[in-house]
Amino acid sequence: MSYCRQEGKDRIIFVTKEDHETPSSAELVADDPNDPYEEHGLILPNGNINWNCPCLGGMASGPCGEQFKSAFSCFHYSTEEIKGSDCVDQFRAMQECMQKYPDLYPQEDEDEEEEREKKPAEQAEETAPIEATATKEEEGSS
């Protein structure tokens, strides 16, 4: 016997093996092709920003959402030669807001940043002698 149970926001449906093997008779509702927020990504067809895009990771709706929207909008619509150079104040306001919520917007530690900068330099040092040796060998064989 099949039955359904609601637990908070979840709806749990229990079915028998026979119910599960029977083809579904559910009718799918076609998506509204005029829905401006459906499957368009970050930029809507009209050029506006889709603040509901999952690609923004919820930044537009967090405690600094208004500051994020202001900075992002300024950058998106910027017509300066160096895009976004006219948005320093908006980005500064967003950064100040984010610093008030370090648990939600973790700052990159200076130590982590230095480590990341050192790694490419160390890798370049490791490969440099190999490349130099290969060049000398090529010159000797010519």
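Note that Cβ sites are derived from N, Cα and C of the backbone, with glycine treated the same way.
For Cys74, the partner cysteine in a disulfide bond according to Swiss-Prot, taken from Cys64, Cys87, is Cys87.
Between Cys64 and the candidates Cys53, Cys97, Swiss-Prot records the disulphide bond with Cys97. Taking the Cα atom of each, Cys53 (disulfide bond) and Cys64 (disulfide bond) are about 17 angstrom apart. Taking Cβ-Cβ distances under 8 Å and a sequence separation of 6 or more, the neighbours of Cys87 (disulfide bond) in its chain are Ala71, Cys74, Phe75, Ser78. In this structure, Cys74 (disulfide bond) is part of a helix by DSSP.
Looking at Cys97 (disulfide bond) and Cys55 (disulfide bond), their Cα atoms lie 21 Å from each other. Secondary structure of the motif 'Cx9C motif 2' (87-97), assigned with DSSP and counted as helix (H, G, I), strand (E, B) and coil, comes to 10 helix, 0 strand, 1 coil.
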